[in-house]
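Novice: My questions all concern the structure below.
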Amino acid sequence: MTIPGRFMTIDKGTFGEYTASTRWPIIIQNAIDDLSKHQETEKSNGTKFEQGEVIKKELKEFRQEIIDRVPLRPFTEEEIKIANVPLSFNEYLKKHPEVNWGAVEWLFSEVYLYRRVNVLFQRQCEWAKFDIFNRLKQSTFESSFYGVVELALRYENLLPQLREMKQNPGNEIDDILKVLFKEFIEISLWGNATDLSLLTNATLEDIKSIQGAKARAASESKIVVNDTEKAWEVLTKARADANSREIRVDFVLDNSGFELYADLMLAAFLLQSGLATKCIFHAKDIPYMVSDVMLKDFDILVHDLRDREFFPSGEPSTKESRALDLFAGEMEKFVSSGKIEFREDSFWTTELDYWNLDANETKYHGSILHKDLQKSNLVIFKGDLNYRKLTGDRKWPRTTKWETAIGPLATNGITSLSLRTCKADVQVALPEGLDAKLSQEWEKENPGRGSWWCCSGKWAVICFCSGIHK
């Protein structure tokens, strides 16, 4: 089998080319603007304000580098030391000294960009712990208010029923749990507050109704690959075989805000229903991809749920406030009891794809994570960037089998589920003819960009792999 090359920023007509030429300069400009706004609150701290001016100047210069398509430079020894930059970046640039912003692997350059931005803040002691993307994370979560409240109310309503079902297992109960499992998976998949129609039927009778089945069928129509059933089988088998042993589910996280909230909601469902006994969340160690989850973002989210100025749901006695407080309290209990655990690792913010989650990758924690994730019953990889790293961000034919596209992960003992709303050029595992059909459909509204249907966020995939050599 010939392994195809990766998507490049020079590939004409691709979303990667558009990202490098248009989106990245905008992202850096937004960071400059947000830094300026934050500086207004720091004027009394002269040192911090002046250091902010230095960062702002350097961000402007960096933005111009991207626009001018200058060569990507290695990190200096000082930068590596100050910001704990993994040496993998310089190793790549040593092998590819000719690359510039307009002609480089998209995956490498995008990850490199966020490392460069982080270095600028780490150099200035007053700003070393500052998350330049935090304001945007917060404002986006705040705008999800109605979805957050609705999901909290649904969870509160389901909680006693879940506990009852856990105490009285059986085939009929499993049928209901299976429906709920699919719905919580989909909420986590889409990761936004516009898809909560899934849980509008919250009673067990409604879930079993014809109307409920129709709503689910409609919601699944945009999921072009759907292996949810296989994940369900893995967890129910683990539950049957458990005999008091741990049932572990890992989440390799994507976005903070509502998506993290939805991921926590899925974890709470798994724990309350007995489909899992422990959930481990893997976060990023630096501000990354604008909205990715860092360890601090969990505490911020729980605080936001209780903050009646952030989420103005009325007096503490209102049902909305009670539901938000209940879920915040549930999360704290799960964390304090060890049922939910958060971890971070620099591997997730290197440019290395997940073919390096392997016993042979001994330099950047790939082997350590591989050994650990083998202990998990199911590893859920969230979002588009994780999908790109799973597939190597390569130019696979779109009908390529999932097991082929994820390389060593297909057989190295990690049971995985990728939940991805499609926002990049790479796409695999499609049945014959579907790519042409969707390209034609997207072309009608977006002339010349039919193949971008898989970059639009309008479709999604749920891809499972047992990790077992067949």
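Note that the numbers count up from 1, one per residue, in the order the chain is shown.
Placement of Cβ uses the backbone N, Cα and C atoms for every residue, glycine included.
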Novice: According to Swiss-Prot, Asp254, Asn255 bind Mn(2+); identify which of Asp292, Asp297, Asp299 is listed for that same site.
Specialist: Asp292
Novice: Which residues of the same chain, at least 6 positions away in sequence, have a Cβ lying under 8 Å from the Cβ of Asp292 (Mn(2+) binding site)?
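Specialist: Same-chain residues close to Asp292 (Mn(2+) binding site) (Cβ under 8 Å, separated by 6 or more) are Leu253, Asp254, Asn255, Ser256, Ala283, Lys284, Leu385.
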Novice: Taking DSSP states H, G and I as helix and E and B as strand, how many residues of the motif 'Subfamily III RTxK motif' (420-423) are helix, strand and coil?
Specialist: 0 helix, 2 strand, 2 coil
Novice: Are there any residues at least 6 positions away along the chain from Arg388 (substrate binding site) with a Cβ closer than 8 Å to its Cβ? List them or say none.
Specialist: Leu107, Asp353, Ala424, Val426
Novice: For Asp384 (substrate binding site), what is the secondary structure by DSSP, using just helix, strand and coil?
Specialist: helix
Novice: Checking the spread of the substrate site as listed (Arg23, Glu110, Asp254, Asn255, Asp384, Leu385, Asn386, Tyr387, Arg388, Lys423): what is the longest Cα-Cα distance, in whole Å?
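Specialist: About 20 Å separates the two most distant Cα atoms.
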